[in-house]
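First the structure, which I've put down as structure tokens, then a few questions once you've had a look.
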Amino acid sequence: MAKHLFTSESVSEGHPDKIADQISDAVLDAILEQDPKARVACETYVKTGMVMVGGEITTSAWVDIEELTRKTVREIGYVHSDMGFDADSCAVLSAIGKQSPDINQGVDRADPREQGAGDQGLMFGYASNETDVLMPAPITYAHALVKRQSEVRKDGTLSWLRPDAKSQVTFAYDEGKIVGIDAIVLSTQHCDSVSQSDLVEGVMETIIKPVVPAQWLNKDTKFFINPTGRFVIGGPMGDCGLTGRKIIVDTYGGMARHGGGAFSGKDPSKVDRSAAYAARYVAKNIVAAGLADRCEIQVSYAIGVAEPTSISIETFGTGKLPEDKLIALVRQHFDLRPYGLTEMLNLARPIYQATAAYGHFGRNEFPWEQTNKAEALRADSGL
């Protein structure tokens, strides 16, 4: 592999699509807190002055969807009509139905260990040793930039910031190793009164420099800070938002393949979510065990069937074992049936709203980021 560039982007919690994701996961968490066996598929749409929450939910729990929605929007920071969106005055509409009994009969079993997958589908997990969290660097630093934007907005360091923001980071690689950063883009919503020069200086000194390692910056690194020159109208006033539209931001920033299924608003019986988390867990433990420098795993499922219909692994020439041997180790050490992966990662609990902004992976507070299988994988590998 010769020299090449690779780019990933992220968006802040105030981006319209991320508002929708966070509302969907806030509803999911509130339900799981009361009913861990609930079936939830919650979708959200946001636009100027309104939120619509819909989907299919089967549960014994009762939650106040309107209050959950307003609380989530308020915590993000949309608290005044001059932002085009106000937690206290926006309309909240609800269109919730129940999960189809045709799906239930394929999922529920007398023996929960034989629980079938809630749908067909394919999921990917990925890990790389290029960062300490075993994630690709471009998405890791893209997330870090918009997370820092949120921090300095909320603590008042840059009081003219508003909730909506986007980042993009282009890394330069040589023979697969990072040699620097070629470009950084950061666009942030702001109040009308701040000058472009103050904004550029504030973003550079307060957001970019504290986040990006200086050794990756050089005289040729390009910075694009609010390159249009103005970003006052943002959030749902600028664009409508929908749950599940940021699936590449949520995962690996394009560095790995994606099966197409979104995460937010889905309970763990939906393998779109739970199997993608388990696949990350597997890939991360393989890399942590030193069995590969990079690892991508694919799993697939059929609706109503417990066992995965396929498992495949790609190590991009970095594997220390043949891939069929790695797959055998995965089958030995990980239960990838829907019930098994829910139990393995303790997923039937309210942990999801925190995942809905700044990435689902590379954050050690989540159970699928543990590397507690690495030692056993290494021991059984024969290396």
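Even glycines carry a Cβ here, placed using N, Cα and C.
The feature ATP binding site is assigned by Swiss-Prot to His15, Asp164, Ala165, Lys166, Arg230, Phe231, Asp239, Arg245, Lys246, Ala262, Lys266. Per Swiss-Prot, the feature Mg(2+) binding site maps to Asp17. Annotation source Swiss-Prot lists K(+) binding site at Glu43, citing sequence analysis. Residues or ranges marked as L-methionine binding site by Swiss-Prot on the basis of sequence analysis: Glu56, Gln99, Asp239, Lys270. The region 'Flexible loop' feature in Swiss-Prot is assigned to 99-109; the stated evidence is sequence analysis.
Describe the structural context of each listed feature in the structure shown, including burial, neighbouring residues and relevant distances.
Asp239 (ATP binding site) falls outside any helix or strand according to DSSP and counts as coil. Asp239 (ATP binding site) has a Cβ environment of 16 other Cβ atoms inside 10 Å.
Counting Cβ atoms from all protein chains shown, Asp17 (Mg(2+) binding site) has 23 others lying within 10 Å of its own Cβ.
Using a 10 Å Cβ-Cβ cutoff, Glu43 (K(+) binding site) registers 22 neighbours.
Cβ environment of Lys270 (L-methionine binding site): Ala41, Gly118, Asp119, Gly261 lie under 8 Å away, each six or more residues apart in the same chain.
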Please report the distance from the Cα of Arg230 (ATP binding site) to the Cα of Glu43 (K(+) binding site), rounded to the nearest angstrom.
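Pair distance, Cα basis, whole Å: 31 Å.
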Can you tell me how spread out the ATP site is, meaning the largest CA to CA distance among His15, Asp164, Ala165, Lys166, Arg230, Phe231, Asp239, Arg245, Lys246, Ala262, Lys266, in Å?
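Spelled out: the longest distance between any two Cα atoms in His15, Asp164, Ala165, Lys166, Arg230, Phe231, Asp239, Arg245, Lys246, Ala262, Lys266 is 36 Å.
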Given the binding-site residues Arg230, Lys246, which one is most crowded in terms of C-beta atoms within 10 angstroms?
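Counting every other Cβ within 10 Å of each candidate, the maximum falls on Lys246.
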Quick check: of the binding-site residues listed here (Asp17, Glu43, Glu56), which one has the Cα closest to that of Lys246 (ATP binding site)?
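If we rank Asp17, Glu43, Glu56 by Cα distance to Lys246 (ATP binding site), first place goes to Asp17.
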Looking only at Cβ atoms, how many others are within 10 Å of the one on His15 (ATP binding site)?
28
